[in-house]
Amino acid sequence: MTYSFYCLFLGVVLLPLKKVLFLPMVEHKLLLADLFLLLSGCCALFEKEACKRTFQLRSLCVVFFIFLVWLALSSFMSLEAFSSATRTQLEILTLCYDIYLLLLLIVVVDSSKKFFFTLVGWILAILISNVLAFYSLLEVPDWGFSYGILIGSFVGANQPQIVLLPLLPLLVFIASLKEVSNVVRGSLVVLVSCSVLFVLISGSRCGYLMLGLQWIGCSVLYWRARQYSFSLSSVVFWGQQVGYALLLLLVLFFGVKFAQSYKPLAGVQRVNLTFNQLVFIKDKKPAQFSNVAYFDKVSSGRIGIIKSGFSLFKENLLFGYGLQQTRNLKGAHSHEMHSGYLALLFETGIIGFLLGGYLIYMVLKRVPIVLKGRVNFFEWLVLQSLLIGLTELALYNLFTNGLRQRELWLLLGLLFVVTYTERSDGAYGVCEKDNFAFDLAKTCGHKVKPLS
């Protein structure tokens with residue numbers, strides 16, 4: 001273990017604490033966890049192995065550099081003069097920092113043991129999120145939460161499912177392994193159940209969709225896993241799935257009643273209202289999906305913002321109209337584009353959108369190769385579970401701009417580490433003799449089996 005990894009571990013654990021630190025230049029962009037993540041990078045500069053691995057990642061770094069340079073170039077053609085476009089400058093700095101997080105995790109997490117403890121750090125972050133959530137139901141602390149936080153997001157515009165959901169599929173399957181001790185199984189079931197409940201009462205409409213996608217993804221992965229190994233307990237797995245479905249129904253049917261007298265549960269009322277508006281209009285007739293104005297109202301004006309952005313994007317297809325310039329459009333009412341993909345396309349142009357897609361491809365290109373190769377069952381299960389989490393974040397970016405969320409880039413880094421660690425080719429210089437699957441499986445009491 002190195003000092004850089006200890007700092008990285010603390011940064012991951014503290015991710016749920018969204019109390020922002022107001023500092024010059026970065027304003028509200030820096031969180032408590034960022035101090036440790038930045039310190040991790042400083043420590044890595046003095047570690048020879050870390051510097052060596054950074055040099056071996058030069059091809060990946062070049063792609064990142066070209067992408068960031070294009071963001072700056074496209075922003076020079078923005079609606080607002082770049083010198084006075086403070087939001088644009090901060091957005092570029094934020095994306096630079098996010099890419100730094102991705103590279104930091106790839107460079108620092110260079111062994112199976114470090115990968116295992118990084119997952120443990122994220123699990124601790126999930127635990128802290130749940131503790132803060134239930135504490136905020138009783139009392140309103142001035143750290144990490146503000147009143148009404150369960151109506152949508154953490155302080156710093158970071159919704160709870162970003163921290164909670166990406167790792168839940170993996171925890172569901174670990175709890176379903178037959179060899180897992182009852183203590184580990186019970187702890188994971190309680191943790192996942194509390195996390196699901198937190199997302200349900202948070203009032204995040206996208207969170208409901210992400211939970212639905214997770215339920216479907218886990219069910220499909222379970223049937224695929226049964227083809228390779230019978231070490232999964234059907235009773236435990238389907239017991240969890242049925243339990244989470246019942247929890248959803250209970251919150252939808254009874255949560256609205258409690259929300260009328262208990263303000264922190266107002267988020268449930270918000271979700272229920274949106275669902276009713278999507279199905280029925282005021283006179284209880286089925287909604288007409290061709291009625292754009294009606295659905296713009298239901299979506300809190302998001303469709304109107306997209307229409308305004310598209311009309312200007314057509315005038316400059318290649319360069320776009322600059323990061324964070326959607327707020328300056330007529331009809332946007334100082335709001336940003338509520339879609340990560342459309343924001344990247346409209347604000348950085350077709351070239352910026354393609355560069356962003358190629359960046360993600362460079363990180364994930366070995367995933368299908370590894371899955372088709374000779375891997376043990378537990379390693380295959382971990383990879384597939386993390387991919388379900390990534391799919392949930394992809395869905396999240398469809399409805400809001402989540403590209404700046406630190407958890408997205410950390411998850412991409414974990415997937416990169418999984419696919420480039422323990423490989424015989426030693427690609428990118430992050431090859432180890434041991435295997436992270438054995439460390440995680442041993443902790444859970446599971447015996448690793450080859451994938452047949």
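Note that Cβ sites are derived from N, Cα and C of the backbone, with glycine treated the same way.
Note that the structure is a prediction, hence the values are computed from the model and not measured.
Under the heading transmembrane segment, TrEMBL lists 30-47, 59-78, 90-109, 116-138, 158-177, 189-216, 236-256, 340-361, 381-399. For 192-355, the entry in TrEMBL reads domain 'O-antigen ligase-related'.
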For the domain 'O-antigen ligase-related' (192-355), mean pLDDT (0 to 100):
76
Paired segments the transmembrane segment (59-78) and the transmembrane segment (30-47) in contact, 3+ CB pairs under 8 A:
no
The transmembrane segment (236-256): which same-chain residues, six or more beyond its ends, come within Cβ distance under 8 Å?
172-173, 175-176, 185, 189, 192-193, 196-197, 200-201, 208, 211, 215, 218-219, 222, 265, 268-269, 271-272
